[in-house]
């Protein structure tokens, strides 16, 4: 069973709302609070060779990216750390703090525990007047992505100059806020590759997504075919995927590319052919 | 290094505020948000014989208890679950949901991951007009506890009729809210035994805590000496320890006992002798 199937199995218990967005949303004091939690552990989430400080940055960044994907402002982060060796805590905390400060977010607390394998759960709180959800895309909207795709996968595939891209993800907080302001209709981050992300969007929208691969912003210096494969199916980029009415694009100050169109037909296609829901996923042996 | 020493080591990095209370506190929209995260894992936190549903309840309860200890109202909970077997998620989620519903809290989302050992991190959000902190005790205040102490440790020591007390902790949410309203000056929950909890209070207050052991509310039917040992040093009770001016005690509707007095001298004593900071702690081998 993959992670998405497992989470879908909770819909009858929790309701669809609890599993439909990058963050849970709660109305409070005239605006919305958004909350997200991410569990990472050493063998599957942190590429070998990362320092504790880099691990701390990444743990904070993945959660801040979820907040960014709601068009929300990160406010506070908590870090629960299961430590194989207690001396790692200082480096991990320093890295998380650095990331939090970079995004104007308070590293407000946490918990520690002894663990056989380093395990970090970061939980973030953000605020938005109106969060941008995964649902909300409308036929005729442009499909767009920030930055470029496939860099993290390029690093994993041996293109060493993309190493920083892989280990030090830069959540698109400012872009998320600007896109919210500019009227983005749906948004999420692309942590597991474009194809899976489009299928996640498909699952909660009553329309479809038609992408033109020639428009994909690819990692520079990687052969085009390979770069396209990385962009579609590679994980770890943490760019934003969003839909927006054409008259509101481009958005001042946001580095983004239109890669396709929201269509009536409920399917994900690339160059007219169905795009498989394939990419980076947590898998359990069955 | 024990967990408290490890957390103290973060004070230079994060500042004392991030480690001083049961929850992080954030001002928002005219009131306070409180946030707490707790990491639990199977071998050290869940007594053998617990069902997945009970594990889910407990994971939610420990975090809701932290919110109760701030005199706050629990609003939302997120559950990050590292699963050794994916089929456990349904039971764990059902138990957490049951606990959340009991306390009027929304199980709002979460994350899942594969893990060699079952690991659950629950993160909770609560609200309070004014949170009650660990600091704030004043000489002359009564030291009080809700309910009774030592029941969970009694179960661990073979008194089977306390089993429910151990595996299904009941956070004192209503009591915490009432005590906040009534003017409690300091509060925290007693997850690791009374002695350690008093020392945690000592660390953030400019005064001391003098307890009379004859006043301790003990588990019924356990020999007195053993019961007192359980109450002082046993973990898992999740009652509230609080200080309150004598004129505001007792508080209507709150089952609580005065067990001593806040004093000028900065020390924790039991019957006039220093009470050691001993109890249930996570330990790393060094």
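Positions of Cβ are set from backbone N, Cα and C atoms, glycine also.
Just so you know, TrEMBL annotations are computer predictions that nobody has curated.
Quick look at what TrEMBL lists:
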DOMAIN    B:21-127  domain 'PurM-like N-terminal'
BINDING   B:22, B:36, B:66  Mg(2+) 4 binding site
BINDING   B:22, B:66, B:189  Mg(2+) 3 binding site
BINDING   B:37, B:38, B:111  Mg(2+) 1 binding site
BINDING   B:38, B:66  Mg(2+) 2 binding site
BINDING   B:45, B:280  substrate binding site
BINDING   B:110, B:111, B:134, B:191  ATP binding site
BINDING   B:192  Mg(2+) 5 binding site
Using Cα positions only, nearest of the binding-site residues to residue B:66 (Mg(2+) 4 binding site) (B:37, B:110, B:189): B:189
Close in space, distant in sequence - residue B:22 (Mg(2+) 4 binding site), Cβ under 8 Å, 6 or more apart: B:36, B:66, B:67, B:69, B:70, B:134, B:188, B:189
Cross-chain proximity of binding-site residues to A (CB under 8 Å), evaluated over B:66, B:134, B:189, B:192: none
Residue, out of the binding-site residues B:38, B:45, B:111, whose Cβ gathers the largest set of other Cβ atoms within 10 Å: B:38
Confidence summary (mean pLDDT) of the domain 'PurM-like N-terminal' (B:21-127): 94
Other CB atoms within 10 A, centred on residue B:134 (ATP binding site): 22
Cβ atoms near residue B:66 (Mg(2+) 4 binding site) (within 10 Å, other residues, all chains): 31
Residue B:111 (Mg(2+) 1 binding site) to residue B:191 (ATP binding site) - Cα separation in whole Å: 25
Residue among the binding-site residues B:189, B:192 whose Cβ has the most other Cβ atoms within 10 Å: B:189
